[in-house]
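Here it is, the structure in full.
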Amino acid sequence: MLFKQQALLRQKLFVLGSLAIGSLLYLVARVGSLDRLQPLCPIDSRFGPRGQDEIPLRALQFKRGLLHEFRKGNATKEQIRLHNLVQQLPKAIIIGVRKGGTRALLEMLNLHPAVVKASQEIHFFDNDENYAKGIEWYRKKMPFSYPHQITIEKSPAYFITEEVPERIYKMNSSIKFFFFFWEPTTRAISDYTQVLFFFFFKNKTYYKFEKLAIDPNTCEVNTKYKAVRTSIYTKHLERWLKYFPIEQFHIVDGDRLITEPLPELQLVEKFLNLLFFFFLYNLYFNATRGFYCLFFFFFFNKCLAGSKGRIHPEVDTSVITKLRKFFHPFNQKFYQITGRTFKWP
């Protein structure tokens, strides 16, 4: 009897042991399969073999720490030399358009380990006084970076300033550009809203949008109003195409970046020949701000500043209709030039 009980106990232990070993083997296999599901293979197959000088992900932490100290001027020349850091002229510039979402794109791209941003708008090419200081002055305004990282600058005023295309061409004829566009009427109202808030905080009054956007003498769209003039995208883009081919420009859909940011970010990565770094699990919608935010490695997240996403004032619907009708032929020409169609009224 005792012998049978011992045999039964051994049998139960054997079954439990087998189950434990089987579970362990399953977990090992599962972890291995998860490793294979990491985004490295799809990226490699899409963009080819990795370069020897590629920036590792640890550069992300590096940028958060040491580079931050360098920007504050706390680094010695020896530290800069040891880390092989340089201040490079930008290889890409976000040149417009104002209130189209340029800051959002710059902040998102700055999280990519192969990209560093100029922290402030330099206004080198659109400001005669700054431009007279020379290209070396401009370079010293750039952040420290690895030689194979891409430095990006943002100055939306570049897009509408006549002298800028020729000036940038003289610096680098093969540089890449980002045009960031939003539905023209909405962009004009957003432009107005930014100025309105400035006056509000100064305790000053300001004209209504309708009075600025519509000429009171003719009752037609006032093309002298800067917010309207900036939204005539083709007028400015054609000036740039006299110096640079359309292939050097990437058109970013500002509306889509707000509602569906991942595809736009990955198009940007592809344009810059970067490995994919942004994935669906890096994004979450912040209902309070009304924007998507970026999340990485459980350590930090990045949301836009509170000044972004201001509520627009109500605008007379007849004025909105008039503006959309005015912009329509310009939008059609813009679609033809860029080869990209947007869902604009």
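Backbone N, Cα and C atoms are what each Cβ position is placed from, and that goes for glycine too.
TrEMBL entries are annotated by machine, without manual review.
Annotated active site, for sulfotransferase activity per TrEMBL: Lys99, in sequence order. Annotation source TrEMBL lists 3'-phosphoadenylyl sulfate binding site at Lys99, Gly100, Gly101, Thr102, Arg103, Ser190, Tyr292, Lys308, Gly309, Arg310, Ile311, His312. Feature annotation from TrEMBL assigns disulfide bond to Cys293-Cys303. Summarising the annotation, TrEMBL assigns domain 'Sulfotransferase' to 90-334. Summarising the annotation, TrEMBL assigns transmembrane segment to 12-29, 274-300.
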Out of Cys293, Ile311, which has the highest number of nearby Cβ atoms, where nearby means within 10 Å of its Cβ, if these are the recorded positions?
Cys293
Note down the number of other Cβ atoms within 10 Å of the Cβ of Arg103 (3'-phosphoadenylyl sulfate binding site), including every protein chain shown.
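I get 18 for this one.
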Mean pLDDT for the domain 'Sulfotransferase' (90-334), as a whole number?
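In the predicted model, the domain 'Sulfotransferase' (90-334) has a mean pLDDT of 85.
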